[in-house]
Amino acid sequence: MAHNNVMDKDTLERLRARASQHFLDSIAVKQEAEKILPDQVARGIVAMTDCLRAGGKVMACGNGGSAADAQHFAAELIGRFERERQELAAIALTTDTSILTAVGNDYSYDEIFAKQVRGLGKKGDILIGISTSGNSKNVVRAIEAAKKMGIQIIALTGNGGGKIATLLGVDDIHLCAPSTRTARIQETHLVLLHALCDGVDHLLLD
Ligand SMILES: O=C(CO)[C@@H](O)[C@H](O)[C@H](O)[C@H](O)COP(=O)(O)O
Ligand SMILES: [Zn+2]
């Protein structure tokens, strides 16, 4: 049966205007980010490339949309970004439902990433912690665990960085999207993750 999406003209116009505003808001946050974040992105690229060249790996974690971002990023490092290259050692800590449910059930949801960092991480690895609020406890705990092990942090946050901002040292890299809206922060995070992939490929291939 053919769908017949009848909607009055005023409603369609309101929806069109809302969609248009999403594009405009997203562009504005990204333009602001372009003014403040490229230096930190460059540091992140160098840190990741040094880590991978030395035999280290990149671990990534986050919740909800940020879990999807962590997986998206690991897929681009293991698979490919825009060009063919060797596989790069990356793992998202968000995908093993047995680990996530066992640790969440037996310990606490706050521990689901930290326990994987302690189990899998080695000095010289990098942890990418993604949190739009900067306050998710499981990401905070993962960062605390990683720092104790000599694992450098690349934090992708928003909202001024929240609790995570207070944990980072001078060796860590903070990519804080200049917005308080989760959707806008996530959209900026995706650009940042793609810029990191692009920079690593550039250093490895060009
Ligand atoms: O994607 C969205 C909202 O756009 C949600 O799934 C969102 O990621 C979840 O609410 C997360 O739990 C938020 O955590 P965080 O980014 O503050 O660490
Ligand atoms: Zn979302």
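Note: Cβ is positioned from N, Cα and C throughout, glycine not excepted.
Predicted automatically and left uncurated, TrEMBL annotations should be read as such.
Annotated features, as they stand in TrEMBL:
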DOMAIN    48-206  domain 'SIS'
BINDING   Asn63, Gly64, Gly65, Glu76, Asn105, Asp106, Ser131, Thr132, Ser133, Ser136, Gln186  substrate binding site
BINDING   His72, Glu76, Gln186, His194  Zn(2+) binding site
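Feature map: TrEMBL annotations on the structure.
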| residue | record | DSSP (3 states) |
| --- | --- | --- |
| Asn63 | substrate binding site | coil |
| His72 | Zn(2+) binding site | helix |
| Asn105 | substrate binding site | helix |
| Ser131 | substrate binding site | coil |
| Gln186 | substrate binding site | helix |
| His194 | Zn(2+) binding site | helix |
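Less than 6 Å separates the Cβ from ligand 1 in the case of none of the binding-site residues His72, Glu76, Asn105, His194. Here the candidates are the binding-site residues Gly65, Asn105, Ser133, Gln186, and by Cα distance the one nearest His72 (Zn(2+) binding site) turns out to be Gly65.
Taking all protein chains in view, 20 other C-beta atoms sit within 10 angstroms of the C-beta of Asn63 (substrate binding site). Screening the binding-site residues Gly65, Gln186, His194 for a C-beta under 6 A from any atom of ligand 2 leaves Gly65, Gln186. Look at the binding-site residues Asn105, Ser131, Ser133, Gln186 and count other Cβ atoms within 10 Å of each Cβ; Asn105 has the fewest. Sequence-distant neighbours of Glu76 (Zn(2+) binding site) (same chain, 6+ residues apart, CB-CB distance under 8 A): Leu193, His194, Cys197. Across Asn63, Gly64, Gly65, Glu76, Asn105, Asp106, Ser131, Thr132, Ser133, Ser136, Gln186, which the record gives as binding substrate, the greatest C-alpha separation is 32 Å.
Averaged across the domain 'SIS' (48-206), the predicted model reaches a pLDDT of 98.
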